[in-house]
Amino acid sequence: MPNDVTPGHPAGDDAKYARVMLKISGEALMGDQGFGLHPPTVERIAREIQSVHDMGVEICLVIGGGNIFRGLQGSAQGMERTTADYMGMLATVMNALAMQGALESLGVYTRVISAITMNEVAEPYIRRRAIRHLEKKRVCIFAAGTGNPYFTTDTAATLRASEMDCEAIFKGTKVDGVYDKDPAKHADAKRYETVTYDEVLAQHLGVMDASAIALARENKLPIMVFSLDEPGGFRSILDGTGTYTKVVE
């Protein structure tokens, strides 16, 4: 449907950002299962995205592929690293198509844009075309990472966020921010309100890999780490009421 434009409101005073990148892991789509996709979970996340889209915010999305195949894990088990990474990229395309179906069932038009050419299921990545989709209020789901092995989907999300002129990256996780120690193991763990890129790197806080953090720092892209399991968590940050950690310069 080349002329489809999702009706919506212009991003106004109720949204802190007009264009954002949402990065979620592939594992977030598998619910309580140990592998693959859990359709009710995919639908729940799609509704979270729809809620933000209804605010008039332009949304870019990158989903990992770890619920299906993880390149590093395959490499550790003896596979050739480049081949394993390409297999991981294909897994992200599968997740992107699943999310596209869930979003469009809710009336949110999307485009899956792949860094690896596969014309039958996704558009090739062309920056100006992708920006035009965003301006038409279509959610752009960027798949297949950067199209190159040895780069994570965190790095791909930061790269696309920079290219798309996003104002912030939202990293959806299982916890509501960055902690000084694992909150699942330590009851006295303290959540940071803000943390710098350099502190993330020096303290190995695990927000994103070093390449992604360095690229975000270079382009002055704030990273919001929040809980994807918290209902309304994504939208609450945009309306100024959410709980999260902000990674800044």
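Glycine is treated like the rest: Cβ placed from N, Cα and C.
Look at Lys23 (ATP binding site): DSSP puts it in a strand. The ATP binding site annotation in Swiss-Prot covers Lys23, Ile24, Ser25, Gly26, Gly66, Arg70, Thr173, Tyr179, Asp182.
Long-range Cβ contacts of the region 'Involved in allosteric activation by GTP' (31-36) within its own chain (Cβ-Cβ under 8 Å, at least 6 residues beyond either end) map to 67-68. Swiss-Prot lists 31-36 with the feature region 'Involved in allosteric activation by GTP'.
Annotated UMP binding site per Swiss-Prot: Gly65, Asp85, Thr146, Gly147, Asn148, Pro149, Tyr150, Phe151, Thr152, Thr153, in sequence order. Asn148 (UMP binding site) falls outside any helix or strand according to DSSP and counts as coil.
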Where Asp182 (ATP binding site) falls in three-state DSSP terms: coil
Whole-number mean of pLDDT values that fall within the region 'Involved in allosteric activation by GTP' (31-36): 90
C-beta crowding around Lys23 (ATP binding site), within 10 angstroms: 25
DSSP helix/strand/coil residue counts for the region 'Involved in allosteric activation by GTP' (31-36): 0 helix, 0 strand, 6 coil
Residues flanking the UMP site, with Cβ no more than 8 Å from the Cβ centroid of Gly65, Asp85, Thr146, Gly147, Asn148, Pro149, Tyr150, Phe151, Thr152, Thr153 and excluding those residues themselves: Gly71, Gly88, Met89, Gly145, Thr155, Ala156
Rounded distance in angstrom between the Cα atoms of Gly65 (UMP binding site) and Lys23 (ATP binding site): 12
